[in-house]
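Everything on this sheet refers to the single structure shown next.
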């Protein structure tokens, strides 16, 4: 079994904005795949060990206008489009570095709220 290497893939992601009724799927490119990591057997206190993740090398932001926002709510949202990927430290400002992240097509608007 061979894991796919860190590479660009096409992905449908959901974009949404607080105040707008629903989320909308958009096509983009993201970074996905396996990076070789090492975990030292002997742990040295206070030493920094970084796990490499598949993350953006180059990207730009694309703008999408949500069609169902009420008056007074700015309907524009931006989302990243990956141009190239590499294995490196996780950049918290551009990547989801959590252990179990939400799926790219997850929508907060789909969660029922109970009052």
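Placed from the backbone N, Cα and C atoms, the Cβ positions cover glycine too.
Residues annotated as disulfide bond in Swiss-Prot, with similarity to another entry given as evidence: 6-54, 20-69, 23-107, 31-85, 35-87, 90-97. As annotated by Swiss-Prot, N-linked glycosylation site applies to 10.
Recorded residues residue 6 (disulfide bond) and residue 85 (disulfide bond) have their alpha carbons 7 Å apart, per Cα-Cα distance.
Checking the disulfide-bonded residues (23, 54, 69) against residue 85 (disulfide bond) with a 10 Å Cα-Cα cut-off leaves 54. Note: the CA-CA distance between residue 69 (disulfide bond) and residue 10 (N-linked glycosylation site) rounds to 27 Å. In this structure, the CA atom of residue 23 (disulfide bond) is 32 Å away from the CA atom of residue 35 (disulfide bond). Among the recorded positions listed here, namely 10, 31, 54, 107, 54 has its C-alpha nearest to that of residue 87 (disulfide bond). Of all Cβ atoms in the shown protein chains, 16 besides its own fall within 10 Å of the Cβ of residue 90 (disulfide bond). Sorted by the number of other CB atoms within 10 A, the recorded positions 6, 10, 85 start with 10, the lowest. Cα separation, residue 10 (N-linked glycosylation site) to residue 54 (disulfide bond), rounded: 15 Å.
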